[in-house]
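Beneath this line is the structure, given in structure tokens, with notes to follow.
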Amino acid sequence: MIPQPGLTEASRILYDKHNKKYEGGKQSDQPLDTDEPINIEQIELIEGKQKEDIIDFIQKYEDTEHITHHKMTIEELEDSLETRIKDKNGLTTIQANSKLSQEKLRLEEELNLWLITYLKELNYHSYLLLLCVVLCFIIYFMNIDQPIYLFLGLFLLAFTFVSWFFRYYSTKRSTSLMKLYKKLIPSEANVIRQGEIFSIEPFKLVPGDLIQINEDTILPADVRIIESNQLKINNAQFTGEPEDLLMTVEPSGSSLHQATNFAFCGSSCTSGNGIGVLVNSGLNTSLASLLKSLYLNSRTSKKSLLPKEIGRLTVITSVIAVVVCILLFLLGLILDIEFDANILYSLGIILSNIPLGVFFTIASSFDISFNRMRKKKLFVNNLDSVETLGSTTCICVDKTGILTQNKMSVSSLWYDGELKDASVNYQTFEQSKANITLGYDIRDSTFKELLYNFILGTTASFNFNPTEKQIKRHIAKKLKVNPTNLSSKNYQQNKDLAENELREIEKKKPFQLQHTQGNQLESSLIKFAQPLKDIDECKRRFPIVSFMAKDEFGEETSHSCEISYNSDSKHSIFVRYLADYTVESSKIHYLVIIKGDPEVIWPNCNTILVNGEDRMIHESWNNMLKVAIDTLAKNGEKILAFANIIKSGIEVFDQFVVKDRLEYSSCRDFRFVGLVGIKDPLRENISSSVGKWKRAGSLSSVSVTKAIMFTDDYPEAAAFIAKRTNIFSEESKTNLDMIENGMSEEQAFEECDALVVDGEELSYKLEEQDLQNQSTNDDDNDTVKKDFLLDCVSKDEVVFTRITPSQKFLVVDACQRLGHNVAVTGNNLSDLSTMGIADTGIAMEDGSNTLKNAADMVILDNDFSTIINGIEDGRLFYDNLKKSIAFTLSSNIPEMFPFIFAILFQAPLPFTVVMILVIDIGVNIIPSISFAYENPEHNILLNKPRNLKHDHLINSKLISFSYLQIGVIQAFAGLYTYFIVMNDYGFKPSTLIGLAGKKGIIPNSYDEYNPSVGTQTTVIRGNTRVNSEIPQKFNFNSLDNNSIDLRLYFYDLEPSHWSECRWYNDTPKWWAKNIVYDDITICYRSEALRYAQTAYLISIVATQWANLIVCKTRSLSISQHGISNKLANFGVIFGTLLVVVLCYVPWFNKVLGTRMIAPPHFSIPSFPFCIIIFFYDEGRKMLLRSGIEKETGKLIGWVAQNTYY
């Protein structure tokens, strides 16, 4: 494996071995010292989670794409890419067009993969719906006179493909990948072809093109640098290092990520100019490959738990449908039920078990939660992660910018052996009318030297470029209009003037409030120095030194004597002119400034500046410096050290080495100048936000939530900030406190309440355990190796300081091994591996664009409290989704029960297949979606977080509630309604049992029922055809025989089998006759079945309204929760009006088979069952609440344990 910047050797070894042991998602049998290369197709996943560091990705990218261009000479590049580099002619037009055709073929291969991805979105419900389509067509061809089944089949087919595409669209990654990729590259690029410069779209670039690179250019592809004029590239998106990299043109013998002659797609040019030859373009660049890896792997990531839960729903309901369907189909064959009727019953059973609107409901709930979170400054990239965030038990958070405001300022100085208070800026001192004193003497010679080091040892500068939004606001304010209503004409006319006015306003601000270009740490130094010295003038007076060195063309190129800070060296170097630099360089003296971490700077100094004089460093100075560092650290300050040395030109240039990158070979014999302490103020209310999180899950017998802080500060500073932010409780004893009081490190580790772990210490401990394991020849030493980390994260309060990205990765993995659901924050691609392994990856608004697009979520205000709000919303989303699914599934039983009843008792079918669609797609949709707007039942954050492995969205308790409790009551309500309506139209309940299987003879049209006619004649009950026809079963599902008096048809039934018809001439006509179908009499006709089926439909709607009320809460009484959900109330009104329209508009009577039922049949028979549902569930919840311990939230009662879903 390649070395990684910022990693100790031990950390590199452990990180690489850790990945190898889990390659392919399981333990490897290879020994740990194996150095076998890994192919990109073998990217390791642990339980579906990406485990790669960004540096490892680049290495794999380099290997698999055969990237060796950074190692090639110019001649080799010309041969490899078939282009002309030396004369800067580039490709010919014919060459470019030929290569572009090849690139298009590769793009088409990508598109073919998208089709495969689309096909993978099929699930069990899709297959069952397709089966229903087939059954509909079978029924239609067996009953040509019933076209409704043809239309139903076509509708289900269309619905299947629409929902299929809907799921694909909501989860697809490839097309969003293309959109994301286009966002990260420029809209056009300057290319050199045949010696001429063209401006073209990036997707028309091909390998071998020469690209012009100027300041502020975003690279459109991966390029090898062939010309550099002080060219600096910011590769932070890939390396994580914030400093710009000075580009060289010489071949590099190092790995790709270390090469200074190679720039990645999406990187930016910050200064200088140059030319690069394009190596990879389009979807073959490093950036595109990285994004494809992130997005395609995220499809199988552990983070996407909700699709798995929905998958469980489809499996459970599909199994129920298939098992019941097969059993009853076989029973139908045994009972000699007509084949077409048997097919119809099978269709109804399958369709009733598919919650047709559930996917639209879930998608709508996602959208509602997404908008709710966005209003709270949390932008969701991956909708599946909303529910996962709600299950978070551990937050691993970076201190800077989240717990603090990332508004750094100088607060302390240490020089002349004394600690000085520098919290008062000199400009503030001058302008203040209050009696403020300075803690430092601006006339002190050492202070002046330190001040010059502040200015000359930074690259930051004051810079303000108004954004378009700021300009529009300024213009709108002047014109007294709303910025959104500002016309483009007014904007263009006033743009330049507004820009100048905004810059003038900026200049009048105090230096502390002005915008700067550069990182916050350096910005704090120039804001402190500017009131005392003009930094621009000072840098012009003492510019950075440049020197000439020959490149591989034999041409001399300029190199700037400047080495940026990186996490590996932990220092930066600047060389500045001290005199007139037009004379011979050997006579000029230069100031070499080194800035960085005190533990790096101090050992390279042999003198210290005291009161303007150089003094030798002795032991007492070591002690004084240690005291100063401890004091600053305990105040929570970041610490930087400054040192310098004056050298001649020859000495300087001899010690600068141009290899793969610029290096300074002699970091010693410096003069130490001083320390600076920099404070970053904490966010307002951060302590209460962290405290709120630590109290989360307090309704549990054990502490279940924790926050782990990552920081670059000294351990003492980290402990100070941890206590100020409430990550460490005020009364907690840290291991640092105990060690300071004389306790051993091991004992302090065991007995402390709060633990501070330094990155170097962590590396040493892990390396020590690794060596111990090797000495015992233990093949499986990873468990032992990570025991130290497990012990660390097992502490309730823990902070990690100065750790590397790979160590951060191991910390998160250790938390997950303890059973935590981990959310991790990050702001550049060095955090990518950690966010990849985390259950929820959260990017910062000011972080890398690539990381923000790859993360699950983005915090728009970089505030810790926003994460807590997101967790609350995630929990609320999960709770409300449970309620919505419970509500939706409850209607499955009353929909399925009529078909079971019809088969078992061979009775006329109480419900139709078409009406299932009315319930699932028409009535249930809005109420189901409305649950997303329900308020939490109580302080939801106090509940114990969901256990992702055991607490499923669809569990046995929810199935029991929906199917066996509420669903059964609804089914009985429908059956009771069915019997009532049929009885009112002449069919006693006892008569209906077996009636569909009974045979009879169709009477003549003129026959009239006569109950007094005996059975010994050729005319029985008025039927004159009893001896001339063969008895057959009556087809209740056909409309052809609607007008037949079934008392004549079933002539062998005694008059006592029939009830008296309730509706006669003294009632409205449409109560007794079907006015839509030629005034057909309803009583004693099969037409009565249509009215009973319509009443059954209405009974489901009515009981669903009761179900809607009881599903609003899982434990609280509705009297405590209320019914203030406006969308739910609207859903009740809409659903009721919908069935009214379907029943009483004649067109729907013909299409859907509904009827204009009499008002006494409209929900009145089912109303008592609505009351039963309400009081049954209120009683259940009362017993449930009494079975929950208030202190711990533990379920102790039988009802609570078995019905709290």
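Each residue, glycine too, has its Cβ placed from N, Cα and C.
Given the structure is predicted, the values throughout are model-derived calculations rather than measurements.
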- Given the ranges 343-366, 703-726, 1087-1110, which one is assigned the annotation transmembrane segment in TrEMBL? 343-366
- From 889-906, 907-924, 1159-1176, which range did TrEMBL mark with transmembrane segment? 1159-1176
- Query: Is the transmembrane segment (313-337) close to the transmembrane segment (124-142), in the sense of at least 3 CB pairs under 8 angstroms with a sequence gap of 6 or more?
  - Reply: yes
- Message: Does the transmembrane segment (1159-1176) come close to the transmembrane segment (343-366), meaning at least 3 CB pairs under 8 Å for residues 6 or more apart?
- Response: no
- Message: For the domain 'Cation-transporting P-type ATPase C-terminal' (908-1183), report the average pLDDT of the model, please.
- Response: 89
- Query: What parts of the chain pack near the transmembrane segment (313-337), using Cβ distances under 8 Å and only residues at least 6 beyond its ends?
  - Reply: 123-125, 127-128, 345-346, 349-350, 352-355, 358, 885, 889, 892, 896, 899-900, 903-904, 906, 953-954, 959, 997
